[in-house]
Structure formats: structure tokens, C-alpha cells
Amino acid sequence: MIRYFQNRYAMSEKGAKDLIKSIIWTVILEISFMVPVVLSFKFLDEYMSVLLNNSNSKDSILYYVIMSIAFFIVMFVIAYFQYNSAYTKIYEESARTRISLAETLRKLPLAFFGKKDIADLSSTIMEDATQIELLFSHSVPQIYASILTVLVMGVLLFFYNWKLFIAVFWVVPVAALVFYLSRKFQDRVQSKLYDVKRDISDKIQEGLDSAHEIKSYNREEAYVDNLNSKLDNYEKHMIKGELLIGAFINLSYVLLKLGLPSVIFYGAYLLSTGSINIFTYLVFLVVSARIYNPIMDVMNNFALLIYLNVRIKRMKEMNGMPRQDGKTQFYPKNYDIEFNNVDFSYQDGVQTLKNVSFKAKQGEVTALVGPSGGGKSTLAKLSARFWDIDKGVITLGGEDISKVDPETLLNNYSIVFQDVTLFNSSVIDNIRIGKKDATDEEVIKAAKLARCHEFINTLPEGYDTLIGENGEKLSGGERQRISIARAMLKDAPIILLDEATASLDTENESKIQNALSELIKNKTVLIIAHRMRTVSGADKIVVIKDGSIEETGTPSQLKEQQGIFASMVETQYKSS
Ligand SMILES: Nc1ncnc2c1ncn2[C@@H]1O[C@H](COP(=O)(O)OP(=O)(O)OP(=O)(O)O)[C@@H](O)[C@H]1O
């Protein structure tokens, strides 16, 4: 039972146990609501007989008053436990779910966090988890409890009078059948609606991320038109979904309501033939006026359960994403990076890297060159386990990096990529990301080495200046130098550089080249560069084209070979 709930609703063991408790308390509460009706009947029955027999029995009334007070207290206690189990415990479970999702996020491959996925992931953690929390506190225990209550009442009524039991309950399977038939259909509608909604979140996120581009290319109108059409589509699906689900629910309600006239007419008939007495007739009338409410509750909440299914499916999907684990103690004997017959693809069927083998030695600069889209960045990212590969092995100091915890592994890397991410905080904090416990002096030293110090001093508040969302107040070259300063500060044994000096002017570039040559001494350096001047001092060149390695060797060897590298060098010198 606990396992069932765990699997069904992607819950922890504690969460499943709490849910079961909550259901039991809700059943007790529902049944306890019926007790006052029974008590009133009993009271009326006895009181009437007192009146009819003309006997004077005040004790009897006192007895009922005491019973009522006692029962009131019992109901209060039951309601307290029910509330506690349905709300407090469910919120605790919800907190656990969020923590576990966040933990999954921490373990996802780094490169997983593409723009699209961020909107999707944050909506799963915040929105989906909130919806699930609401459904679990308000609806799920209620549904199970209502089903159990109706079952218990059904059994009692069946043994009381089976003929009237049929009059009360014949409508239930008919209404349930309508629901069952519509279920698959509703599932599809909800799934579609959810996809359309995610599509809109992605579009909005994309708009926020590329606001500059949209404005500078005059694409605002096109963007808004596109978003509007997506919103219209959402509205269309929403209305269609609501109308259809509403129609099914109402049809089931109407069918259920036929139960009451059945009891009235059939009961009256049985009464007239003397098969039942007036008391039985009244009991069934009262019960049939009440019993359809929990059944309607179930039906009402059933649509919500379908909605919940879609969200839980998404949650399970996220839990099932490829987590990256590994050992947290990692002391390689050296920092050579080696690729052995590596295959990799971002999507099934599109192979990005094919049978790649090469070695980037410690103390050497290995330059990755080749035509755009050939796979250079992918290769650099794989060397830091941004993704896990499909075939082959990548080693660091002879150890397979797929067996090492990504966070532990990354301690050994300083990465300077083209797309620098800066945070809306001070310059000093942005550089300190390289080494959290660095002193101000260390930060300034790194900034000087990366040729940042001069421009930082010209900012209004120097190192304490806030640099805006993703460093919008800085130029491209300044942003890149900040990211180089971070790498300098981190001073890790492996350096990954992706066109690190691309947006620098010649003067700054040569200054940074000098600083970089200091930084990379005795380190493993993997550099991606389009400009041949940048790689002429490399120890080794690896030429990648269409995901395969075409040439490897020293710059002079490759120039002699007269292959791709030689022609790239020639083309660039001609054009410059
Ligand atoms: N996150 C991703 N998801 C799917 N495909 C990707 C992803 N990143 C890159 N690709 C694809 O993988 C191939 C190699 O891309 P990669 O960025 O590694 O090439 P590159 O040689 O570094 O190119 P460039 O010199 O233009 O930066 C390209 O076809 C690219 O479209």
C-alpha cells in the first residue's frame, strides 16, 4: 500500500505514510458527520415514544444533551487530527519534494541548462510542486476518503434493505461509466494544454533573454505577434478543455441526481405495499439526500486527479533525468586529458562527435581548430563532463572522468567561454566567484593580471560598483577580462579557453596573451581559437571537422602537411 502511493504519486516513504493517515482521518471525519443525523433520529424516536406513552422522562433529554456535548468534543479532536495530517504533513512532504528536485538539478549535466530548459525546470519546481501540494492537501485524501465512506455506507444500507440500496446506487455505475469513458479524452486535453502553456513560458523566457537582440533587429512586432498567437492558441485549448470537461462532469451530476427520485418513487411503492415501514423510508430519503455529495466530490476531484497525473508525470520525468554522480575524493596523478574513441550526440540520430581520440598533455597548450560547427566547444565541454559521452572514455590523469562527481571534477578546471555570465552584484564579488575565500588583495592581483584593474578604477565606485544584469554596464571586452580574472584567481590546473580573447582590441589582446602565458605555465590548456595568430604558439593542434579529428600535430608539422590547418592559416593571412 505504501509502495503503491510512493510510485503512483512520486512520494517519499514518509509522505506515503502520512497520506494514508490523512485518508483514514478524513474517513473518520466524514462518518462522524453522519452520526448527528443518526443521533437525532434516535432522539426523535425515543422522545416521541415518551410523548406518546405520556411518561415523564427528563433523564432522556439530559442524556442526549451530554451525548451531544461529548460528541462535539470528539468531532473537534478528529477534525484537528484530520487537518494536521492533511495540511501540515503534506506541506512537509512538499518541502521534501522540492529539496529532492533541487538535488536532481544539482546532479544534472551542466550543459543541460539550456535556455529552454530553465523555464521548464523552474516551472516544475515552483508551479508544479505548488499545484501538487494544493491537490494533496485539499483533494487527494478527500477523494480516497469519499470512496471509502461511500463503500462503508453502501455496505450498511445493503444489509439494511437491499431493494432500496439498489434504488440509491444504480445511478453510480452509470455516472462512473460516463466518467471512465471520458477519462482518456480528458487526459489528452490536459496534456495538450500543459504543453501549450510550457510553450508560452519558453517564448516569454526567450523574449526576456534576448530583449536586446529583439530590439536591435526591430523584431518586437514579430515577437509580440508570435506570442499573441501562442496565447490565443492557449485560450482556445483552455476553453475547449473547460467546456468538454464541464460537459462530462455535468452529465454525470445529472445522472447521479436521478437517484433521489428513484428512492422517492420506489420507496413510496414499497411503503404502499407494506414491504417497508415509514422509518426505513425516511432513513433512505435522508441518506440519498446526502450520499451523492461525496460521490460528486470524487467526480469533481477526479478531473483534478487527471490534472495531477500530468504534473506528476513531469515530476517523474525530471527525477528520471540523467543524474551525474561519482566519487568525491579525486586526486589524479597528473592533469593529462585523454579522449579515447569518443562518440557523442546531443540528440538521438545526430552524431556530433565520431570516434574522437587525442591527448592534451599537462604543461602543453592544445589548440582546437576547425570550421564552425565542427564540434570544438562540444569537445572542450565534454572534457569537463558537461555531458556524459555515448561511447569510449575520457580520462584525466588516467582516471575515467565519468566516475568522478562533477563538482569535484570541476574544482580542477578554470573555464573562460565566449558567453560570459556575470551577476548583478559588485565587480569584486563577480571576480571572487573564482575563489570564494579570496582576500581583496588576491582579487585585485588577479584583476591586474587580467588587465581589469585600470577600467575597474574608472567605474564610479571602483571594485564595489554594481555591474547590472549580466554585466550590461560593461563592454564585451571588459566582461571577458572579468571572466579571465576569475580564472586567474581560481588558478586551477586545467584551463579551458573558448575564443577567450575574441572581443579584445589588439593592444589589450597582447597584454592578456602575456598574462595568460603566465597563467598557463605547467598546466593543461585546451584552447579553442578561430584566429591562427592565437594558436601559432600552441604545442599541439587538433583539427576537428564534422565531428571527427582530421589532423593532429605541432603547428609546423601541420603547415608542412598542406592540409586543412595549412589552408586555414593561408586564408587568414591573405584576408588580414
Ligand atoms: N546544446 C546543444 N544541443 C544540440 N546541439 C548542439 C548543442 N550545442 C552544439 N550543438 C551542435 O553540435 C555541433 C557542434 O557544435 P560546437 O559548438 O561544438 O561546434 P564548434 O566547432 O565549437 O562551433 P563554433 O566554432 O561555431 O563555436 C553543431 O552542429 C551544433 O549545432
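Backbone N, Cα and C define each Cβ position, glycine as well.
Beyond the transmembrane segment (20-41), the same-chain residues lying 6 or more positions past its ends with a Cβ under 8 Å from any Cβ of the stretch are 1-2, 5, 64, 67-68, 71, 74-75, 78-79, 81-82, 85-86, 89-90, 141-142, 144-146, 148-149, 152-153, 282-283, 286, 290, 294. Residues or ranges marked as transmembrane segment by TrEMBL: 20-41 (among others).
The feature domain 'ABC transmembrane type-1' is assigned by TrEMBL to 22-305.
Annotated transmembrane segment per TrEMBL: 61-81 (among others), in sequence order.
Under the heading transmembrane segment, TrEMBL lists 143-160 (among others). If you look at the transmembrane segment (143-160), the same-chain residues 6 or more away from its ends with a CB under 8 A from one of its CBs are 23, 26-27, 29-31, 34, 168-169, 172, 280, 283-284, 287, 291, 294-295, 297-298, 301-302, 305.
Proximity of distant same-chain residues to the transmembrane segment (166-182), defined by a Cβ-Cβ separation under 8 Å and at least 6 residues beyond the stretch ends, is recorded for 150, 154, 157, 244-245, 248, 251-253, 255-259, 262-263, 266-267, 284, 287-288, 291, 295, 299, 302. Look at TrEMBL and you will find 166-182 (among others) tagged as transmembrane segment.
Per TrEMBL, transmembrane segment is recorded for 243-266 (among others). For the transmembrane segment (243-266), the residues of the chain that approach it from at least six positions outside its boundaries are 163-164, 167-172, 174-176, 178-179, 182, 185-186, 189, 284-285, 288-289, 291-292, 295-296, 299-300, 303, judged by C-beta separation under 8 angstroms.
The transmembrane segment annotation in TrEMBL covers 278-308 (among others).
For 337-571, the entry in TrEMBL reads domain 'ABC transporter'.
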Positions on the same chain near the transmembrane segment (61-81), where near means CB under 8 A and six or more residues out: 25, 28-29, 32, 35-36, 39, 43, 47
Under 8 Å Cβ-Cβ from the transmembrane segment (278-308), and at least six residues away from its ends along the same chain, one finds 9, 30, 34, 37, 41, 45, 131-132, 135, 139-140, 142-143, 146-147, 149-150, 153, 157, 160-161, 164, 167-168, 172, 175, 179, 183, 186-187, 190, 245, 249, 252-253, 256-257, 259-260, 263-264, 267-268, 270-271
